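The next block holds one structure in the form of structure tokens; read it before the comments.
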Amino acid sequence: MEEKSKISLLFSSSVLLLLFSLSAAVSNPLQLQTLLLRPLPSAPTLSWTDAEPEPESDSLVEISELNAVSSNTTLEMHLELHHLDAFSSEETPERLFDLRLQRDALRAETIYSLVSKAVARNRPRAPGRPGFSSSIISGLAQGSGEYFTRLGLGTPPRYLYMVLDTGSDVVWVQCSPCKNCYSQSDPIFDPTKSRSFSGIPCGSPLCRSLDSSGCNKRRMCLYQVSYGDGSVTFGDFSTETLTFRRTKVGRVALGCGHDNEGLFVGAAGLLGLGRGRLSFPTQAGRRFNRKFSYCLVDRSASSNPSSMIFGDAAIPRTAVFTPLLTNPKLDTFYYVELLGISVGGTRVRGITPSLFKMDPAGNGGVIIDSGTSVTRLTRPAYIAMRDAFRIRASNLKRAPDFSLFDTCFDLSGKTSVKVPTVVLHFRGADVSLPATNYLIPVDSSGTFCFAFAGTMSGLSIIGNIQQQSFRVAFDSAGSRIGFAPRGCA
């Protein structure tokens, strides 16, 4: 009789455990979404119609001093963005993708190097020109950004392609006469043909705002920007008028590079969009209310261009916001607080806020970056996330690793599949990624890979593949970053 009671009790316990498990499964069902399988995109066609020069009497935004403009009226400005692949002579989608991953690896390595040097506060002195105590360590050469726009430089405006980069501050462009200039798609800018070009005296606040400044024989300011791969641009630090379609912004401090050596690509220069003192958003901050946003399209799904907006219109009503954090040792990057990640509707165990925390010295943390393609997560977080995704996607046929991706699937012969959802939990903002933002094609044979990677660095980077189709809003006035889904329309 006692044995029967034990068996009955054991059976009852098993039933209760089973019911509890079923209840947990019902309360946390596996959340899936449909991934439409599209091929690797080919190189986009580069076509652009330059705006007509504006009449001389039109109003001009004048930047009168760092972070100040001469009018209290705020403007709005809309730009088209295009992917760097449009400059490539490569014909196959596979080769384009391979080059993108090469640029991506270089950029990630350089970001980690920049942050570690800034935190250590003992940057090595790079070989410089006479008058330079050190070089400006900024920008990322071949990995300096994946998107560019077309803008007018000077008066009358000469239209040029410029890479836009949230990971750089200094604005610069190639100028004649050229000691060394790389090949670009437009004629090199000649400052002697612009009525608005002006040199900056050595003793001015603008010159002193450089990390390091030099002087020529006429006591005018010189700049030098060095890159992680050894590339360098050097020349006159000056002010000039920029024309964005029909909006003109005057007295923008920029480098006029007469000696540009290294692994630069196609565009005439770089428009720095970082948080530093010399970036374009900081210089023109009050005129555009210190707000800008971009929406990067998935080129395999849409022929529409990506876009960027400056001003109040940059902040979408549908956005969810997370606070901006500041690295005390490095003001260029946009830091945010990532608290956790969900896969298939369940928070991933082992991914805690401490894995993404920035310490008081500036180590660690998470940045949002337009120029990095693949999101890098600090390795313990990546492994936990990857393993959770593998378990929940066990119905998909695995494929060999590809490049930096260690979780790939053979989806050949299919037009769509169901995949686990992925949600990034920022402080105050849950960002649910479309399936195309984390399972991407890597060849023409139907191989798709989980588009995240691990890093031994403590710094995590949210890349542009994960940002696709969101309008990502940088509201420095409100010290926040917003994410609005389906924001490219």
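The backbone N, Cα and C atoms fix where each Cβ goes, and this holds for glycine too.
Remember, TrEMBL labels are computer predictions, not curated facts.
A quick note: this is a predicted structure, and the numbers were derived from the prediction, not measured.
Marked as signal peptide by TrEMBL: 1-25.
Annotated domain 'Peptidase A1' per TrEMBL: 147-484, in sequence order.
Every protein chain shown contributes to the tally, and the Cβ of Asp165 (active site) ends up with 27 other Cβ atoms within 10 Å. According to TrEMBL, the active site annotation covers Asp165 (among others).
Among the features that TrEMBL reports, active site is placed at Asp369 (among others). Sequence-distant contacts of Asp369 (active site), defined as residues of its own chain at least six apart whose C-beta falls under 8 angstroms from its C-beta, comprise Ile111, Thr166, Gly167, Phe333, Tyr334, Ile461, Ile462, Gly463, Asn464.
Summarised as a single figure, the pLDDT of the domain 'Peptidase A1' (147-484) averages 93.
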